[in-house]
Ligand SMILES: *Cc1c(COP(=O)(O)O)cnc(C)c1O
């Protein structure tokens, strides 16, 4: 963080840190905010938030880094960053449509912590810890150690499975957040995966560049680079999350040859306006991150207040496609409730289809005809 910004930090956030201390992941994690008492020193908590803070942590722990808190406007009760990390009492209500395991991952678990759903790629859950906990977490059953299940990844069993399955060419490391593991531990996991010749691509899904950019050090990046090709999917939901520190962290990753894509969750009151989605995409591109997926919010317990209607999501995509750089338009997907994987949701562009050809509509609503191919 630059010195001018550091000096503007309120003392309650700074907690006596020197600028050098603030800029380390160790200090940020040790001084994370975990309860109503600590949070009330930096935010004016509403009655609803205070009530939620008393019990929400029993389902999904409360944890927010001083870094992320410093981006929240303490005087704006509806701050889009605040809504993602401070529980509200709506979180305590489980709606009938909600599922403990919203994407049906448990039934595709082929070894503890290893999910094999698609023909050629797998998901490996490496840890149940995150730098900060998002209140809409899709894996709240496993994450943070307070939910109904515990994650006990069996790395030996997972590696044995992968050695035996030559059809798998892509491993996505997630959790929790794999970048919370110490460098040496993550290096060891990546090294064992790289020892399996048919694994072409490794990927890491992380929110660390946003929640804890101090963790992205030249040493970490140099280690990750040795496991190339390694793609990183950054979970980012709002343009204000992409502050100067996050931009530095993302830039360091790209400069080490790690291609970056984003994953965002469409959240009511956070990023469900077209102007927000456009600025998010433009900020991501400035940070050299390709917007990859926009997720319809999963049916995780206690998340109804975050969910939007799919028709609203389709309108957002229609408002982006053609109106801004193609690179800036993510693929809108719903992870099928109960299992089945990601299903793309696209505004219709084929208006009519017959023996002559296709009637198509462009981004301005004008119609065009494209003929069927001649039979050969
Ligand atoms: C999302 C996901 C993947 C990776 O999917 P891509 O569409 O290739 O990014 C792999 N396995 C599981 C179980 C997933 O949920």
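Cβ atoms are placed via backbone N, Cα and C, with glycine included.
Taken verbatim from TrEMBL:
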type	residues	note
DOMAIN	116-330	domain 'Radical SAM core'
BINDING	130, 134, 137	[4Fe-4S] cluster binding site
MOD_RES	342	N6-(pyridoxal phosphate)lysine
Binding-site residues compared (130, 134) - highest count of Cβ atoms within 10 Å:
130
For ligand 1, which among the recorded positions 134, 137, 342 have a CB under 6 Å from it?
342
Around the C-beta of residue 137 ([4Fe-4S] cluster binding site), how many further C-beta atoms are within 10 angstroms, looking at every protein chain?
22
Between residue 137 ([4Fe-4S] cluster binding site) and residue 342 (N6-(pyridoxal phosphate)lysine): CA-CA distance (Å):
17
Model confidence over the domain 'Radical SAM core' (116-330), averaged pLDDT:
98
